[in-house]
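Below is one structure, written out as structure tokens; comments come after it.
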Amino acid sequence: MHIDNVVFMKKVLDASAFINGYVPEGRENYTVRSVTEEIRDFRSMMILEDALREGRLKITEPDPESMKVVEDAISESGDIMRLSPTDMEVIGLAVSLRGKDDVTVITDDYTIQNTLKILGIGFRSVLTSGIRDTYSWRRVCTGCRRVYPLDYEFEECEICGSRIVRKRHRN
């Protein structure tokens, strides 16, 4: 499956890229070790192993400074509640590589795409159309509609006693 004609651009692949049949081309493809541990089906494993054996895929980890950038962004947007540690590492690796060259992340994960868009990092989908807008998350009272910070620890509104839920908000 061919995503784009730019073979020399650095690409960071998450598990959904392999699972959805993306075959890395060129030599500038990267992923993190934890992504390789998420690959379980035979076809995806073959794509991954072939790319590693043929030198089309490199496994590397993000630097601590890049992970801090990711943690700050996802804390502010609320995506911290929806991203796994592996997802955060994939985004962190893209931030690490971005300082040197153009980088694109291959992912069908909408939450990863949301964070990448907030950080100004390009992405491509394999099977989905990808996101168009960015979103953040809020905690909102279902009764009086008061907005609470994401780290508000109670489940009931201090004003009216109604339930507090998480809601997506378009930026």
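Glycine is treated like the rest: Cβ placed from N, Cα and C.
Just so it is clear, the model here is predicted, and its values are computed rather than measured.
Range annotated as region 'Zinc ribbon' by Swiss-Prot, chosen from 28-63, 136-171: 136-171. Each residue in Thr142, Gly143, Arg145, Arg146, Glu158, Ile159, Gly161, Ser162, Ile164 lies on the same chain as Cys141, Cys144, Cys157, Cys160 and has a C-beta within 8 Å of the C-beta centroid of that Zn(2+) site, without being one of the site residues. Shown for the domain 'PINc' (9-114): DSSP residue counts in helix, strand and coil, namely 59 helix, 13 strand, 34 coil. Cβ neighbour count for Cys141 (Zn(2+) binding site) (all protein chains, 10 Å cutoff from its Cβ): 19.
Ranking the binding-site residues Cys144, Cys157 by the number of CB atoms within 10 A of their own CB puts Cys157 at the top. Restricting the average to the region 'Flexible linker' (130-135) gives a pLDDT of 65.
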